[in-house]
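Taken verbatim from TrEMBL:
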DOMAIN    322-501  domain 'ABC transmembrane type-1'
TRANSMEM  145-169  transmembrane segment
TRANSMEM  190-210  transmembrane segment
TRANSMEM  285-318  transmembrane segment
TRANSMEM  324-348  transmembrane segment
TRANSMEM  448-468  transmembrane segment
TRANSMEM  474-497  transmembrane segment
Amino acid sequence: MREVLKQDESFDAAIARFVGENVTYYQTRFKQIFSGQKRPRPNFAALLLGPIWAAARGMFGLFVVLALIEVSLGLAITGVASGGLGKAELVQSQQLQARSDSRRDQALKAQAAGDANAPDLLRSADSLAKAAQQAKTSADQQQRLASLVISLCGAALVIFRVLFSLSADSFYAKRFEKWRSNRQISSGSNIIRAVLALLVVTAVFFLSLGKVNPELPPDWLAAISKQAEQFSATKDFAVLVTKSLDELFSAITRAGGPFFDAITLSITSIVNAVEYALNLMPWPAVVVVIVGIALLLSGHVVATFTALGLIYLVAFGFWTQSLATIALLGTATFLALCIGLPLGIACGKNQSIYRAIRPVLDLMQTMPAFVYLIPIIAFFGTGKTPGILATIVFGMPPVARLTALGLQQVPENVKEASAAFGATPWQLLFKVEVPLAMPSIMAGVNQTILMCLSMVVIASLIGAGGLGEDVLQALQYASVGQGILAGTAILFCAIILDRIVQGRRTS
């Protein structure tokens, strides 16, 4: 890319159009940077303006980082210089000394009256005086450090600004490269961006002064900060919204009771059938079948490890719980694939659908599992069904994303050649696109299986059972040994499934 830029006859003109001003300087610097001559040279505009220069040039991410660092250093200097360092200890010392004097007056009055509590009051006064002296000593020590802290923060601010000025041209050159391939990126120096950035930095600095030292901000600014804090501390609106949500979920639960019951019955029937089928065979037969599958798909090394892992489950009494976990995992994975694969195909074939579905997938992957357990429990109660539904929510996005990605990466010339030979849309999808996208699809299947398995402990919180219940009990009773054994059992299940699926994918 850089060689092409150097050989491009319009390189100087592109730089001139991009920077808008100081054209000669940036033409020289960009040529030096792109030719590998990255000799440090300060950009005096960046040295003088700092984050404001970055904002004026349209580098808002860099502006945010620089502004946060410099505002933090500036607040530290201001707070220390205004007596903020050691001020809390000094106030505490004064309060303790006042309490000591008051307690001493009480002791003298009690002593004059012949009260038996006078010695205790005197000892309490002496203790308070000693604590006050310790607090004052600590305040004095911190105030003596104030000049050192100010010097260090000031030096850090200057050094940081100098280092930024030395690297500013490199940052700007990288933005120029991006602009060359995408002319929608903002270019030039814009005074409006600079003014807005200055206003933002100033507002953040002055609004934060009250946290550093409450005496620094003017009265009107302190009043604004106080009103903002009171607004953020208001609970009435939150309580109102909470009650409304409770009523909404209660109404949905009542109205959709038959629908939710039907889903619960269907999923419970599938899980129970799978678990019954697994328990119908004795454990030696199940071990032989699974080891044979591992040998067939992944080779003798994985088969040996599978045999050792299954023997571990039997030897430590986790066989029944493992079958329950596999039944839960198998049902959740099957349903997640039934939803995720068609959804991924639809997203891969239609960008409009993918743009609409992508925020939902992002929400499913980023939202903590405990958050969506709440509405699931509200609709379906506790047990295996809500555990499976929570697992589906957590495990379905990877297979949908990777299926869509695999289909999008199929070369256009291959699809055009297939269409030219008379392939129908369905033949093109299932005989050309899906086979070519199979590595990506199988990677998604693998990730879905492992993410579903990672939910077994969380699902056990709502009564899903299995190995997760053993781990949960170990957490509740702080049983380290039981927790390690149960966690190792889950680890064996995960590795066995992962190796078998990986073997299937590579084959």
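Glycine is treated like the rest: Cβ placed from N, Cα and C.
Same-chain residues lying 6 or more positions outside the transmembrane segment (324-348) and placing a CB less than 8 Å from one of its CB atoms are 267, 270-271, 274-275, 278, 354, 357-358, 384, 387-388, 391-392, 395-408, 429, 433-434, 437, 441, 444-445, 448-449, 452-453, 455-456, 459, 464-468, 490, 493. Listed by sequence, the residues of this chain that lie at least six past the ends of the transmembrane segment (145-169) yet keep a Cβ under 8 A from its Cβ atoms are 26, 29-30, 33, 40-44, 46-47, 50, 53-54, 66, 69-70, 73-74, 76-77, 80-81, 83, 85-86. Here the transmembrane segment (285-318) has long-range neighbours at 278, 467, 470, 485-486, 488-489, 492-493, 495-496, 499-500, 502-504, 507, meaning same-chain residues at least 6 beyond its ends whose C-beta is under 8 angstroms from one of its own.
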